[in-house]
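Annotated features, as they stand in Swiss-Prot:
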type     : residues                                               : note
BINDING  : Gly86, Ser87, Gln88, Ser89, Thr90, Gly91, Lys92, Ser93 : GTP binding site
COILED   : 724-745                                                : coiled coil
COMPBIAS : 712-723                                                : compositional bias 'Acidic residues'
DOMAIN   : 76-315                                                 : domain 'GB1/RHD3-type G'
REGION   : 1-24                                                   : region 'Disordered'
REGION   : 703-723                                                : region 'Disordered'
TOPO_DOM : 1-771                                                  : topological domain 'Cytoplasmic'
TOPO_DOM : 817-888                                                : topological domain 'Cytoplasmic'
TRANSMEM : 772-792                                                : transmembrane segment
TRANSMEM : 796-816                                                : transmembrane segment
Amino acid sequence: MDMATSNINGHGDRPSPAARFPTAPSVMTMNGNFASVGDAPTKEQYEHGIQVIDEQKEFNPNLNEYLQYTDTAHSGFNYHLISVFGSQSTGKSTLLNHLFGTQFGVMSERERRQTTKGIWMSKNKNQSSGASESETMADNILVMDVEGTDGRERGEDQDFERKSALFALATSEVLIVNIWEHQVGLYQGANMGLLKTVFEVNCQLFLKDKQSTPRSLLFFVIRDHLGTTPLANLKETLIQDLSAIWTSLSKPAGLENSKIEDYFDFAFAALPHKILQPDKFITEVQKLGTRFRAGRKSARAEDAGFEGGVFLPEYHRRIPADGFAVYTEGVWDQIVNNKDLDLPTQQELLAQFRCDEISREVLISFDAKIHPLEEKQGEDVRSGKPTVIADLGVTGKTARTSTIKHFETQASRYHKAVYTLKRTELEGKIDTRLKLLFHGQLLAAHKSGVASFSDAVSTAVKNGQKRAASYEFADIVEREKEVALKTFEAEMKSLYIEELSWTNFSSSYDLFEKDLNEVSGNLRKEEMRRLATHVERWVRSRLNDSIGVEFNKLGSGRGGSGAPETGEKPATEKDLWDRIWKTFTGTVKEAESKFIERAKSFDASEDEIEIGLWRLRRKSWGVLRAKIDEEVMEGNILLKLRENFEDKFRYDEAGVPRIWRPSDDIEGIYTKARESTLTLIPLLAKFKLLETSSPPELPEWIGNTPASVDPKDEEDLTPIGGVDEEEGKSLEEEMTVLSEAKRQDLVVRFKKTADGVYVEAKRSAIGGVAQVPLYFYGLLLALGWNEIVAVLRNPIYFVFLILCGVAGYVTYTLNLWGPIIRMLNAASTQGVEIGKEKLREFLKDSEVGRQALGMQGRDAGDSDAISLNTLDSRGKRVVREDEDVDEI
């Protein structure tokens, strides 16, 4: 024993633990410094590593947290996974600790028992094994230390051995097989049983996934190589044994003739004895570490099949690092429950899980940008005042692009079909919300645009009216319409997303333009109505003057004694209705020309102009008919008939006033004047033209109802007889000015008025017969001579007499005697009335008066004011409707 010991290092002592493995603890610790399954892990534990699966086959749920801590989770595909196999207590953990700087627990020199239970993982800590890039290890190498086989603790139970092998093969790129040189050529010692298990589970995987055919690298690390047997010979022996095992396997259908090289690549490395040659062992381990980097296949023998490193792209399982924990947990769940492991399905499930998770994450940022806009839009809609949100299109497009970009960056590394499906779903969710938001924005832009257009046109029209200047309505509409369309188009373009067909809002633009046309049409109709009202007012003003003048001409043709024997009326009376019709049609025609000229400036259609003219003619006829009815009202027509009669009775044919004498034929003149005036009543009773002796062609003049007329345009129109047949009123009735009853009543009243004039004339003729006798003047001179002389001698009386004479002459010259007499009569009558009123008040207020008349005193609250009464032309008191007449 002492000799053996002295041969170990040449000095008779074993190397110190630090020399054997500088990072491992001096005694077996069972990876106590790692984060085990069921523990509440700490950062210090994560510094060493994590137990992925414990000896009870429980998966560690904190694996993803460990990957986050080691900055591996966000590396995408830029990571590599290595698993180590080998018999128990053969130095697997020691190899990994030296090769990757890990701190897996190793076996104590004092004991020979199991140290690695379950599957452990640690990240490579020897990132730079050499100075140059070709000697630098790959980034993010994860190392799994798998529980050793042939352990006495498990005995014949090979269930965990098989499950762990299947797990490692499903997840790892490189499987390191740790064997001793003297075990090469053996079955159990060379781990051929374990490799057979690996091959069998590999066939199970390929049976489910024949299309992708993932490859793995079996990296044989031959320990304690003395050099007596060349590495090439050892390699050949191992490949022969592996091929024999592969041939003996029962392969799935379709794989009977497959070769082991179809599914596995092989790499070999030899390490010197760790204890006998510690320095050389460290050197070779460092050289071995440089092979763990990215590389590619090589046909040159000196490259050992690899150019560069051993991490070939086809070895990678293409599971993104952020989904590795979920994927491996799913794989282990399938394995531990003895289900057929379907890696493609697991990859799809992982992709679904991660894509959903990523989708939820990216939607959070999307929601942060979009939700406030949705809230504001919803509040505006609920308040009934939708508003256009500034920069909504830019915000929506930016949020959509960034959200999908982030999803693509993280999720595109997963199963392509699942990624494509989930991206479509994400786009659907985003686009659904954006669609509602964009449509709401366009609706608000639509409503606000229409309202702004209407307000702008109305404001421009009002400004034009205030300036009393002519304005072109069509130009205003066209200008404001162009502004509204440009604003809406700009908003529409801001919402356009090239790859989304539904953001092509051309139909919304067409609808907006259609609504603008409809609104402009309504505004034009309003302007046309305003124009029609203005023209109708102008027609009414003109007709009121001109028709009034025509009616005032009644009786202007002198009749009387100079009238023809036949009693025919002068031309000015016979053609009254012709003149009225001519004046009326001329006025309306002028109004029509003004209407057409102005309507064309509104860009009104032919139909609108036709309807406007039709309404104008009907309205104008209504104005004329109302004016005629006003002129032939009882008071007005009776006054005109009296004026006509007096004009013919009081004046001769030359227009000279008559001075009635007893010798004049008053009765004859009266009869002719009365009969001449009475003939006006039938003339005024019917609206008939002199030329045709029939009413004017009113229906033809008004015209037929336009086909495009709106029922609303007829609501304010008065029915016209002979035109509106459904009203049941004929043209004859429409042209009747005075009914038969009214005519008869008018004749009776006129005759009474004429009789009064005749009596007055008769009295004036008789009154002129009485004369003062001549002797009366002589008697007056004789008896009043003294007074005459006194007046003439007295300057005051004389001047007063002269002034009275001048005043009397002026009064006579100006014909003021009548008004003066009426004023005196009115004043005297008013004085009498006031006297009566004061007498009543005295009798009411006086105690003596009340006793005499048996009246009660009136209330103290009555007014003591004396009011002046309203008198008529004859000095009589006029009683107002709101005034009660006190009875004495």
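From the backbone N, Cα and C atoms, a Cβ is placed for every residue, glycine too.
The shown structure was predicted, so the numbers you read here are calculated from the model rather than taken from an experiment.
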Gly91 (GTP binding site) -> DSSP, reduced to three states, gives coil
Reduced DSSP assignment, Gly86 (GTP binding site)
strand
Tertiary contacts of the coiled coil (724-745) (same chain, 6+ residues out, Cβ under 8 Å)
628-629, 632, 634, 637, 681-682, 684-688, 695, 698-699
I'd like the number of other C-beta atoms within 10 A of the C-beta of Ser89 (GTP binding site), please.
19
What residues elsewhere in the chain lie close to the transmembrane segment (796-816), defined as a C-beta under 8 angstroms and at least 6 residues from its ends?
790
In the structure shown, which of the binding-site residues Gly86, Gly91 has the fewest Cβ neighbours within 10 Å?
Gly91
Here are some binding-site residues: Thr90, Ser93. Which one has the most Cβ atoms within 10 Å of its Cβ?
Ser93
Within 10 Å of the Cβ of Ser87 (GTP binding site), how many other Cβ atoms can be counted across all chains shown?
21
